[in-house]
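Working notes for the structure below.
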Amino acid sequence: MLRLRCKARSGTQPLPGLTAHSRLRDMQAALAALTGVPAPAQRLLLGFPPRSLDLSDGERRLGELGIHSGDTLIVEEDTSKPSAGSPVVAKRTMAVREAVPVLARRVVPADNSCLFTSVYYVVEGGVYDPGCAPEMRSLIAQIVASDPEAYCEAVLGKTNREYCEWIRREETWGGAIEVSILSKFYQCEICVVDTQTVRIDRFGEDAGYTKRVLLIYDGIHYDPLERKIPDSDVPPQTIFSTTDDVVLAQALELADEARRKRQFTDVNRFTLRCMVCQKGLTGQVEAREHAKETGHTNFGEV
């Protein structure tokens with residue numbers, strides 16, 4: 001049995017029930033049922049960088065097409081092709097069109113790794129994996145270590161080696177430097193919506209990326225943003241086009257609503273407690289000074 005995933009506009013989900021001996025037409029039928037994109041209108045991409053699959057012969061076996069366990073198939077709809085689908089697909093598509101999708105926050109745990117969990121969730125098309133943080137921390141450390149000239153002490157605030165050791169620790173919080181690195185790695189614009197200032201910081205804005213993902217930030221905690229259809233089992237959308245400015249406006253509306261409800265943390269005034277020595281602290285500056293003096297980096301908000 002092949003362990004496959006499919007990624008479409010609506011999100012990422014498992015693609016079960018196929019083997020290397022399954023035929024292309026069987027896989028396309030399964031993809032149509034999952035994504036709502038009829039087989040005649042499908043354009044399938046595989047690998048990195050993504051390459052287009054030859055769909056001319058539906059009788060070919062998946063093994064012959066170079067499809068292996070662990071692969072993710074990207075499903076796009078070619079609107080230039082006829083899209084007459086089965087009644088089931090047509091009915092599902094009609095129901096989806098009648099509903100209005102909304103942009104919403106997907107809450108993740110406040111466990112010092114919320115940034116990494118949130119970024120993984122959005123770039124993977126809605127895959128929630130709280131165990132992804134160690135791998136992402138290690139990835140960032142490898143990228144930083146590989147380019148000590150670009151990632152020097154002036155940029156990192158500590159030596160390259162110290163930073164690499166620091167970011168691997170599970171109690172270390174991620175921030176702007178890590179978002180910038182992940183934007184380059186995933187080749188997508190990462191927009192961080194700040195609920196305190198109601199502004200959007202766009203990492204990778206000038207890099208020419210075609211994809212955009214969004215996080216919402218309250219001063220200490222990150223959550224991913226997703227566009228979803230209420231009361232529907234249709235997977236949420238977390239990856240947007242960089243030409244989609246509507247989603248940016250919706251994100252600012254969310255941030256403004258959170259600000260009016262005071263759903264943010266003023267990092268200069270919030271009260272913390274060092275979870276190592278139990279000392280009370282006020283604001284980010286005191287926390288940083290305490291960490292520098294004692295080496296304690298595990299803080300909880302009071």
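Every residue gets a Cβ built from N, Cα and C, even glycine.
Source: prediction; values computed, not measured.
Taken from Swiss-Prot, the feature region 'UBX-like' covers 5-83.
According to Swiss-Prot, the feature domain 'OTU' maps to 103-228, an assignment based on sequence analysis. Residues in the domain 'OTU' (103-228) partition by DSSP class (helix H, G, I; strand E, B; coil) as 50 helix, 28 strand, 48 coil.
Confidence over the region 'Cys-loop' (108-114), given as mean pLDDT on the 0 to 100 scale, stands at 88. Per Swiss-Prot, region 'Cys-loop' is recorded for 108-114, and the stated evidence type is similarity to another entry.
What Swiss-Prot lists as active site is Asp111 (among others), and the listing cites similarity to another entry. Long-range Cβ neighbours of Asp111 (active site) (same chain, at least 6 residues apart, Cβ-Cβ under 8 Å): Thr117, Pro130.
Taken from Swiss-Prot, the feature active site, nucleophile covers Cys114, and the record attributes it to similarity to another entry. Residues within less than 8 Å, Cβ to Cβ, of Cys114 (active site, nucleophile) and separated from it by at least 6 positions along the same chain comprise Val108, His221, Tyr222, Asp223.
Annotation comment: Swiss-Prot describes 167-177 as region 'Variable-loop', evidence class similarity to another entry.
If you look up Swiss-Prot, you'll see 217-221 marked as region 'His-loop', on the strength of similarity to another entry.
When Cβ atoms from all protein chains are considered, those within 10 Å of Ile220 (substrate binding site) total 17, not counting its own. Marked as substrate binding site by Swiss-Prot: Ile220.
The annotation active site is assigned in Swiss-Prot to His221 (among others).
Residue counts of the region 'S2 site' (245-250) by helix, strand and coil are 6 helix, 0 strand, 0 coil (DSSP-based). If you look up Swiss-Prot, you'll see 245-250 marked as region 'S2 site'.
Feature annotation from Swiss-Prot assigns zinc finger to 272-296.
Annotated active site per Swiss-Prot: His296 (among others), in sequence order, evidence recorded as similarity to another entry.
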Within the same chain, where does the region 'S2 site' (245-250) have neighbours whose Cβ lies under 8 angstroms from its own Cβ atoms, ignoring anything closer than 6 residues to its ends? I mean 6 or more beyond.
102-103, 191, 200, 212, 214, 227
